[in-house]
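Heads up, the thing below is written out as structure tokens.
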Amino acid sequence: MAAGRLPSARAVLAPLFLGLALLSVGPAPARALHNVTAELFGAEAWGTLAAFGDLNSDKQTDLFVLRERNDLIVFLADQSAPYFKPKVKVSLKTLSALVTSVVPGDYDGDSQMDVLLTYFPQNHTNSELGAVIFWGQNQTLDPKNMTILNRTFHDQPLIMDFNGDLIPDVFGITNESSQPQILLGGDLSWHPALTTKSKMRDPHSHAFIDLTEDFTADLFLTTLTASNAFQFEIWENLGGNFSIHSVFEKPKNLVVVGQSAFADFDGDGHMDHLLPGCEDKDCQKSAIYLMRSGTGQWVPVLQDFSNKGTLWGFVPFVHEEQPTTIPIPLTLHIGDYNMDGYPDALAILKNTSGSNQQAFLLENVPCNNASCEEVHRMFKVYWDLAGLNLIKDAIVATFFDIYEDGILDIIVLSKGYTKNDVAIHTLKNNFEADAYFVKVIVLSGLCSNDCPRKITPFGVNQPGPYIMYTTVDANGYLKNGSAGQLSQSAHLALQLPYNVLGLGRSANFLDHLFVGIPRPSGEKSIRKQEWTAIIPNSQLIVIPYPHNVPRSWSAKLYLTPSNIVLLTAVALIGVCIFILAIIAILHWQEKKADDREKRQEAHRFHFDAM
């Protein structure tokens, strides 16, 4: 058989190398936000977004929005546009002058989401807050089925799991005592919580999160000394009981102190304390300080707020005895925008020489100055993020996974819709670098396969679980990350009922993923379970049932394909088509050679016959 002319090795291998190059490099990171408000809300994009939660247990997060001072509207996620529809409404018009907060949770342990509202009562003469719980029934709320709590609060309460039964409890100072009280979920009984000489700061930024590295949530309090100096207290959970662990002061430079936030800022697997504030009362000079876990030292991670000759700063909180709109303190909202494993933040900044007020992304980047060398990371204001800088008079900005794809998008509230209501803006994150993530939600574990109506309670908003992972990054180094679930609930904390942990551009399996939950009084053993070889770009739903037998806990894994899956498929199909083309060409050339050889044989036969 004669051989035809074969393509060169370079020609054969070129597309294969091209496909591999595409896979290894991936698309270049792009940073842009696309406004999808009309697609999500239609004409209903107004009201104060107050909380997130899955009310109807369909594995999609719903939005809790306050309107007209006293109405709560629940926008249920839907499969068709507009993707969030106002389906459930409860009103406090007969009780309230102004609803101030919304905290979804399962307050009676029936695995159905209930909703706690705090409000200023009508004709209120002081700043005491009333509270009411609307009880969930059949994956919705019954406006007539509610319980008005028999005590009022000095400030918005912290929702936590005080007794470790995974039914949310209500912590705060009430009209009955100057000492913190706890309303236990389930039987709704009042009990003393702690004995302390400190006064609670108003507005507080208490938190229920593990700060002592034992996978059990501790109690963090923002308090005042007898001389009204700001301080912070950590009450450690020891055997299910809270004992004072440490007390520390604010950074000495700060005059205006904002709300504490918690994040694994430097990616070491431990919680760090972030504190925004100002070094003068008018916030002409703003800063963000960080205290690393266990150090007791404040380190500045952002002090540069100038952009092209314009100085920006935080918006100081103005305390009103009888506010007409929801008070919004100086707050950072935390989320990993670019999935690099280092949490970023959203903040509202004001032009110090004008009146413009905007939302800005604070990106977590490697430290480039001497002041933050200890933590190796710092915040950098992203001044020109397309889409975000078009929204004027912003008052709140937070992260939210709009499309349930593991990428955190942005929601901004801005003034000017009406006198009493604000506009909602939703911005899709078009960050195209093919980074990886794992999305974790820990349920209450009050039931497993025996849940009422066979519906797993995906939407109970469980405070207190702690999550940590270890993996190997793209350079072969060990990488850790951690997060607490629903650690803060007051003053528009707007925390998500799940955690999205960025993994960077490493496609390696998570070597270990740990989940810990609170434990009851008297229980010495830590409630913690480990899972290994978790696939990146997956959602892990953890059901800690039964609570006291971690080895029996179950986890459901749902995969979310990334861009690289499509890229791999395209490259593979391209290589296959090219190989088929080569085979076809070789087959055609071989057929031509065979025909030529047959003609030559026939010609030789005729010649011999002559």
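Cβ coordinates come from backbone N, Cα and C, glycine included.
A quick note: this is a predicted structure, and the numbers were derived from the prediction, not measured.
Long-range Cβ neighbours of ASN35 (N-linked glycosylation site) (same chain, at least 6 residues apart, Cβ-Cβ under 8 Å): GLY387, LEU390, HIS425, THR426, LEU427, LYS428. According to Swiss-Prot, the feature N-linked glycosylation site maps to ASN35 (among others).
What Swiss-Prot lists as N-linked glycosylation site is ASN123 (among others), and the listing cites sequence analysis. In three-state terms derived from DSSP, ASN123 (N-linked glycosylation site) belongs to neither a helical nor a strand segment and is classed as coil.
Residues near ASN138 (N-linked glycosylation site) in space but far in sequence (CB under 8 A, at least 6 apart, same chain), listed by position: GLN112. Annotated N-linked glycosylation site per Swiss-Prot: ASN138 (among others), in sequence order, evidence recorded as sequence analysis.
DSSP assigns ASN145 (N-linked glycosylation site) to a strand. In the shown protein chains, 13 other C-beta atoms lie within 10 A of the C-beta of ASN145 (N-linked glycosylation site). Per Swiss-Prot, the feature N-linked glycosylation site maps to ASN145 (among others); the stated evidence is sequence analysis.
Around ASN150 (N-linked glycosylation site), a 10 Å sphere centred on its CB holds 12 further CB atoms from the protein chains shown. Taken residue by residue with DSSP, ASN150 (N-linked glycosylation site) is part of neither helix nor strand, so it is coil. The N-linked glycosylation site annotation in Swiss-Prot covers ASN150 (among others), and the record cites sequence analysis as its basis.
As annotated by Swiss-Prot, repeat 'FG-GAP 2' applies to 153-183. Averaged across the repeat 'FG-GAP 2' (153-183), pLDDT for the predicted model comes to 94.
When secondary structure is read from DSSP and collapsed to three states, ASN175 (N-linked glycosylation site) falls in the coil class. Marked as N-linked glycosylation site by Swiss-Prot on the basis of sequence analysis: ASN175 (among others).
Look at ASN241 (N-linked glycosylation site): DSSP puts it in a strand. Listed in sequence order, SER521 are the same-chain residues at least 6 apart in sequence whose CB falls under 8 Å from the CB of ASN241 (N-linked glycosylation site). Taken from Swiss-Prot, the feature N-linked glycosylation site applies to ASN241 (among others), supported by sequence analysis.
Residues or ranges marked as repeat 'FG-GAP 3' in Swiss-Prot: 256-291. Only residues 6 or more beyond the boundaries of the repeat 'FG-GAP 3' (256-291), in the same chain, are considered here, and those with a CB under 8 A from a CB of the stretch are 203, 205, 207, 209-211, 213, 220, 222, 230, 232, 248, 250, 297-303, 305, 311-317, 329-334, 341-343, 345, 347, 349-350, 352, 362, 364, 375-377, 379, 468, 470, 479-484, 487-488, 491, 493.
Taken from Swiss-Prot, the feature N-linked glycosylation site applies to ASN351 (among others), supported by sequence analysis. Within the same chain, residues at least 6 positions away in sequence whose Cβ sits under 8 Å from that of ASN351 (N-linked glycosylation site) are THR310, LEU311, TRP312, GLN357.
Look at Swiss-Prot and you will find ASN369 (among others) tagged as N-linked glycosylation site, backed by sequence analysis. DSSP assigns ASN369 (N-linked glycosylation site) to coil in the three-state reduction, outside any helix or strand. For ASN369 (N-linked glycosylation site), the same-chain residues lying six or more positions away in sequence with a CB closer than 8 A to its CB are MET378.
Its own atom aside, the Cβ of ASN480 (N-linked glycosylation site) has 16 Cβ atoms within 10 angstroms in the protein chains shown. Summarising the annotation, Swiss-Prot assigns N-linked glycosylation site to ASN480 (among others).
Taken from Swiss-Prot, the feature transmembrane segment applies to 565-585, supported by sequence analysis.
A Cβ distance under 8 Å defines the sequence-distant neighbours of the repeat 'FG-GAP 2' (153-183), meaning residues of its chain 6+ beyond its ends; these are 100-101, 103, 105-109, 116, 118, 127-129, 131, 189-196, 199-200, 202-204, 206-208, 217, 219, 240, 444-446, 461-464, 486, 488-491, 517-521, 523, 544, 547. The glycosylation sites in question are ASN123, ASN175, and the one with the fewest Cβ neighbours inside 10 Å is ASN123.
Under DSSP, ASN138 (N-linked glycosylation site) is assigned to coil, being neither helix nor strand in the three-state scheme. Straight-line distance linking the Cα atoms of ASN175 (N-linked glycosylation site) and ASN150 (N-linked glycosylation site), rounded to a whole number, equals 10 Å. Calculated from their C-alpha atoms, the gap between ASN123 (N-linked glycosylation site) and ASN145 (N-linked glycosylation site) amounts to 24 Å. The distance from the Cα of ASN150 (N-linked glycosylation site) to the Cα of ASN480 (N-linked glycosylation site) comes to 45 Å.
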